[in-house]
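If you check TrEMBL, you get these features:
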SIGNAL    B:1-17  signal peptide
DOMAIN    B:4-165  domain 'Glycerol-3-phosphate dehydrogenase NAD-dependent N-terminal'
BINDING   B:8, B:9, B:10, B:11, B:12, B:13, B:145, B:266  NAD(+) binding site
BINDING   B:110, B:266, B:267  substrate binding site
DOMAIN    B:185-325  domain 'Glycerol-3-phosphate dehydrogenase NAD-dependent C-terminal'
ACT_SITE  B:196  active site, proton acceptor
């Protein structure tokens, strides 16, 4: 039995308490200051997270941020940071207040950053900000938190530069329904986890861009399949540009997570609006008012990657179409004549 | 302008007449003896193929098999064979009757064969049976014929051992809506084109195996995304075993075509039935009575690949689950505990 502390009672942090608790570990789920209402609700008898369907196992101890102490972090064999990317600075500060010894921390938080003119992942920028970080673990792969909390079969990947550390972390969470690969391509897993939100916008736009009234879902299929394939290949090239391995884009953290992200969630809803020829301002002030669409932040960073790439940017027609639409320059238009098919050039 | 002869008035052969004709080529679409009624229907003014929505361009000459002569094949710069796999022997015989000079032939027909105890693609077995074959071109990638005929954006790949020949063929068909890559991995494109039907059964089964009543389509997403990723990786390994390149499975002919095949067509419908815990006999005598499901034929050949693989077959848990269900041994059950995640083994 291990002691696991989860920081942040968002859907993913909360869902991870389920396999950890099913494995017999002592789990503490501690909300952020923004989670107080959610924590109170889960502390009530039979209480559920508002975005999950089932109550947590009774063995999970749910506490508010105010109740979290250094005794909790002292005991923890592993800490999970379950905040979304805008919460990363809060999480870093809180860890620096609490940690009194080197501790392994697994992050579900994903993002791309700029540093010294280069684009890097949180795996590059976050560790140096935490004073007593043992190993940085990144969690990626196709996982809708609600389904994991319902114990539906789910595959994910735990990544660390030190693969043995990733294996130890995965062993704490792996159950018959939560199947975990491990990887030493931490940067690649982090990059893909951020990029999949961005590409989900473009692939989802293609789902609505060419309607097919004869189908139950109203969507034609050839354009989406072409865009999905294109997205995976452009993701692989971008992943490599930020220091990850191409192969990671062709695995759970890349094409797997893109598959689950297209068709559900806020990035996909933005894509569907763009595909219906609405512009990003309309979408973000109307059907997505007050929502955070993580792929938009990623678009800003990816735009800086593409900028100055020169002629090479011809290899990224889908990336460019998404950036142009999401940063408000044009309506979404992925010109199939620009589809980059390397062997074509003759 | 070139002369293009299409042999077989099935949906794919007929649909290919659209981009060829849009490019200004002289196109003859010749039915098989089984296509006489379809041909008569298309020859009537404004007549359409029964499974396509729009009439062909008026410049396409549609003829019955009885009207096809060696003068037509003499003139053809390229012949497309558009029959399905059970029609391949007829097509080979007809070409041997008609061809008086070496001619390039592009095949949409896909299949795996056994030869001398090994599993091979039609690219290995068909050319030696045609006396005056110039270049064998294989056509793969995510293409629902009806959408191509409607000129919806579609990406595909034309493959030949001689890449220059593939480029020449692709140049005849490429239009603004029909974007063509070329490849010299003919065996890989042929293998993936057959294997995608097989794997579409398993991924589609996962769509119905774990229902989610809260979603519009009733499907949970994590199990399907995991199975899709697994399918692509097992396809890559099988592709390599029959002599193709792994990378082909990660491109249009592999993951792209699998994407379009899951959720539509007969292989997917069989998968949906299996996912609902019906056995293959029930499905094939009831909801799929009198239908040909190509993935079942592929399953028989893939079973012989797996047989005798020994311990290595542990790398193919999805392949094995599909074979067991499709060949009637068990209900479909993809045990996530058997998910093969190489780096796991510790």
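FYI, residue positions are counted from 1 along the chain as it appears here.
For all residues, glycine too, the Cβ spot is worked out from N, Cα and C.
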Practice task
Count up the helix, strand and coil residues in the domain 'Glycerol-3-phosphate dehydrogenase NAD-dependent C-terminal' (B:185-325) according to DSSP, in that order.
Solution key: 103 helix, 2 strand, 36 coil
Problem - Same-chain residues near the signal peptide (B:1-17), Cβ under 8 Å, at least 6 residues beyond its ends - result: 24-32, 35, 38-39, 42, 49, 51-52, 56-57, 60, 62, 72-73, 75-84, 87, 91, 94-95, 108, 143, 145-146, 148-149, 172-173
Practice task
Name, in the order they occur in the sequence, the residues of the same chain whose CB lies under 8 A from the CB of residue B:11 (NAD(+) binding site) and which sit 6 or more residues away.
Solution key: B:49, B:51, B:52, B:145, B:146, B:149
Practice task
Report the nearest neighbour of the residue listed as 'active site, proton acceptor' in space among the binding-site residues B:9, B:10, B:267, comparing Cα positions.
Solution key: B:267
Exercise for the section: Determine the minimum-neighbour residue: among B:196, B:266, listed as recorded positions, which Cβ has the fewest other Cβ atoms within 10 angstroms? Expected result: B:266
Handout entry: Integer mean pLDDT for the domain 'Glycerol-3-phosphate dehydrogenase NAD-dependent C-terminal' (B:185-325)
Key = 95
Exercise for the section: Look at the binding-site residues B:9, B:12, B:145 and tell me which residue has the greatest number of other C-beta atoms within 10 angstroms of its C-beta. Expected result: B:9
Practice task
With an 8 Å cut-off on Cβ-Cβ distance and a minimum sequence separation of at least 6, pull the same-chain contacts of residue B:10 (NAD(+) binding site), or say none.
Solution key: B:35, B:82, B:83, B:84, B:145
Problem - Extra residues within 8 Å (Cβ to Cβ centroid of B:110, B:266, B:267), substrate - result: B:197, B:200, B:261, B:265, B:293, B:294, B:295
Fill in the blank from the handout: For residue B:12 (NAD(+) binding site) and residue B:267 (substrate binding site), the CA-to-CA distance in whole Å is 17
Handout entry: Euclidean distance between Cα atoms of residue B:110 (substrate binding site) and residue B:8 (NAD(+) binding site), Å
Key = 14
Practice task
Kindly assign residue B:8 (NAD(+) binding site) to one of the three DSSP-derived states: helix, strand or coil.
Solution key: coil
Exercise for the section: Tell me whether residue B:110 (substrate binding site) sits in a helix, a strand or coil according to DSSP. Expected result: coil
Exercise for the section: Can you tell me how spread out the substrate site is, meaning the largest CA to CA distance among B:110, B:266, B:267, in Å? Expected result: 15
Handout entry: residue B:110 (substrate binding site) to residue B:13 (NAD(+) binding site) - Cα separation in whole Å
Key = 13
Practice task
Provide the number of Cβ atoms within 10 Å of the Cβ of residue B:110 (substrate binding site), excluding the reference atom itself.
Solution key: 27
Completion exercise
residue B:267 (substrate binding site) to residue B:9 (NAD(+) binding site), Cα to Cα, whole Å, comes out at 21
